[in-house]
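Taken straight from TrEMBL:
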| type | residues | note |
| --- | --- | --- |
| SIGNAL | 1-18 | signal peptide |
| DOMAIN | 41-312 | domain 'Gcp-like' |
| BINDING | HIS121, HIS125, TYR142, ASP306 | divalent metal cation binding site |
| BINDING | TYR142, VAL143, SER144, GLY145, GLY146, ASP174, GLY189, GLU193, ASN278 | substrate binding site |
Amino acid sequence: MQSILCFFFPATMTVVIGFEGSANKIGVGIIRDGEVLSNPRRTYITPPGQGFMPSDTARHHRAVILTVLKEALEEAGLKPADIDCVAYTKGPGMGAPLVTVAIVARTVAQLWGKPLLGVNHCIGHIEMGRLITKASNPTVLYVSGGNTQVIAYSERRYRIFGETIDIAVGNCLDRFARVIKISNDPSPGYNIEQMAKTGTQYVELPYTVKGMDVSFSGILSYIEEAANKMLSSGQCTAADLCFSLQETVFAMLVEITERAMAHCSSQEVLIVGGVGCNLRLQEMMGVMCEERGAKLFATDDRFCIDNGAMIAQAGWEMFQSGQVTELEDSWITQRYRTDEVEVTWRD
C-alpha cells in the first residue's frame with residue numbers, strides 16, 4: 001500500500017534563489033520550476049545630472065540586500081531549507097556591486113549548505129524573456145545601460161551577431177539625460193520616453209551603423225555639444241531632443257536586428273534588458289516584424305529591468321543540466337561575454 005501511495009506523489013520541484021546587483025539595482029528572486037515566487041528589488045537613485053559610482057552603488061547594495069533577501073523568502077513563503085540552489089550574477093557589470101552580491105551569495109550558500117552557481121547577467125535576461133514570453137528560438141535584441149547586442153542561439157552558444165562598438169544604448173540615453181538634467185527617478189530612460197511623447201520636431205542626428213554593429217558615442221557627443229545651444233536659442237524643445245534621440249537610436253537597433261533575422265531565417269524577435277521596456281522601441285520593432293510576417297516578444301518592467309528572478313531562472317536551467325560553481329571558482333568577471341557560456345540546457 002505504501003509503494004502505491006508513493007507512486008502518486010508529485011516529483012520534487014527545484015527551487016532556485018537568484019541574487020542580482022551588477023549595476024544600480026539590487027534584486028533577489030526565487031523561481032520554482034518556471035514559476036516566479038518572488039522578485040523584490042531596490043534601485044540606487046542619484047540626483048538629476050549625476051550618474052552612479054561603483055563604490056556608492058556597492059554601499060547602497062550592502063545596506064539593503066539582507067532586507068531584500070528577507071522579503072524574497074517571506075513573499076515566496078519559503079525557508080532556507082526549501083532552497084535547492086543559490087545563483088548570483090558573475091558578470092558582466094560594475095566591479096564593486098558585483099563583488100558585494102557575490103560575497104552575500106557565497107555566504108548564504110555556505111550557511112544554508114546549498115550548491116552555488118555563477119550566472120552570466122546577459123543570459124539571465126535571455127532566459128527570463130524566454131520563460132515569460134514563451135518565445136521558442138528568437139533573435140534576441142539585448143539593450144541595457146551596459147550592453148547592446150543582437151544574439152541568436154546556435155550549437156550550444158548564444159552567438160553575438162552584432163553589438164555596440166563603443167557605449168551601450170542605455171548609457172547613451174542616461175548620459176543625455178544628465179545633459180538636460182532629467183530626473184533619475186525611476187530611471188533616466190523612462191523619463192526620456194515620457195518626454196519624447198510630446199516631441200513634435202525631429203532634429204537630425206548622426207546615424208552610425210557599421211555592418212552588423214552600431215556606434216552611439218558620435219550621436220552622444222553631437223547632442224551633448226548641441227543641446228544647450230539649441231535649447232537656449234529656441235530651435236527646439238527638450239521634448240524634441242528626446243523624441244529625436246529615441247527615433248534615431250531605435251531605428252539603428254531595428255536595422256541590425258532585421259539583418260540578423262534575415263541571416264538566421266528567424267521569425268521571432270525577443271527584446272530584453274532595461275531599455276527593452278521602452279514602448280516606442282517595441283512599436284518600431286513590431287512594425288518591422290509585421291512587415292516580415294514575424295512575431296515580436298517583449299516583457300514589462302517587472303522582468304525587463306535587472307531583477308533577481310532572471311538570475312534564478314538562468315541558474316535553474318544551469319542547475320537542471322548538472323552545472324554547479326565550486327567555491328574556489330565563485331569569483332566575478334566584469335567583462336563576461338554572452339558567447340563565452342556553454343549553453344548546456346538547450347538542444
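Every residue gets a Cβ built from N, Cα and C, even glycine.
TrEMBL does not curate its annotations; it predicts them automatically.
You'll find the Cα of HIS125 (divalent metal cation binding site) roughly 10 Å from the Cα of SER144 (substrate binding site). Cα-Cα distance from TYR142 (divalent metal cation binding site) to ASN278 (substrate binding site): 13 Å (rounded to the nearest whole number). Taking only the Cα positions, the spacing between ASP306 (divalent metal cation binding site) and GLY146 (substrate binding site) is 11 angstrom.
Sequence-distant neighbours of GLY189 (substrate binding site) (same chain, 6+ apart, CB under 8 A from its CB) are GLY145, GLY170, LEU173, ASP174, ALA177, GLY274, VAL275, CYS277, ASN278.
Counting only the Cα atoms, the space from SER144 (substrate binding site) to HIS121 (divalent metal cation binding site) is about 11 angstrom. If you take the Cα of GLY146 (substrate binding site) and the Cα of HIS121 (divalent metal cation binding site), they are about 11 angstrom apart, rounded to a whole number. Other than the site residues HIS121, HIS125, TYR142, ASP306, same-chain residues with C-beta atoms no more than 8 angstroms from the centre of those residues' C-beta atoms, the divalent metal cation site, are SER22, CYS122, GLY124, ILE126, SER144, ASN147, VAL272, GLY273, GLY274, MET310.
There are 25 other CB atoms within 10 A of the CB of ASN278 (substrate binding site), with all protein chains counted.
Within the set of binding-site residues (HIS121, HIS125), the lowest number of other Cβ atoms found within 10 Å of a Cβ is recorded at HIS121. For the substrate site listed in the record, the two most distant Cα atoms among TYR142, VAL143, SER144, GLY145, GLY146, ASP174, GLY189, GLU193, ASN278 lie 18 Å apart. GLY146 (substrate binding site) is surrounded by 19 other CB atoms, counting those within 10 A of its CB over all protein chains shown. Mean pLDDT for the domain 'Gcp-like' (41-312) in the predicted structure: 97.
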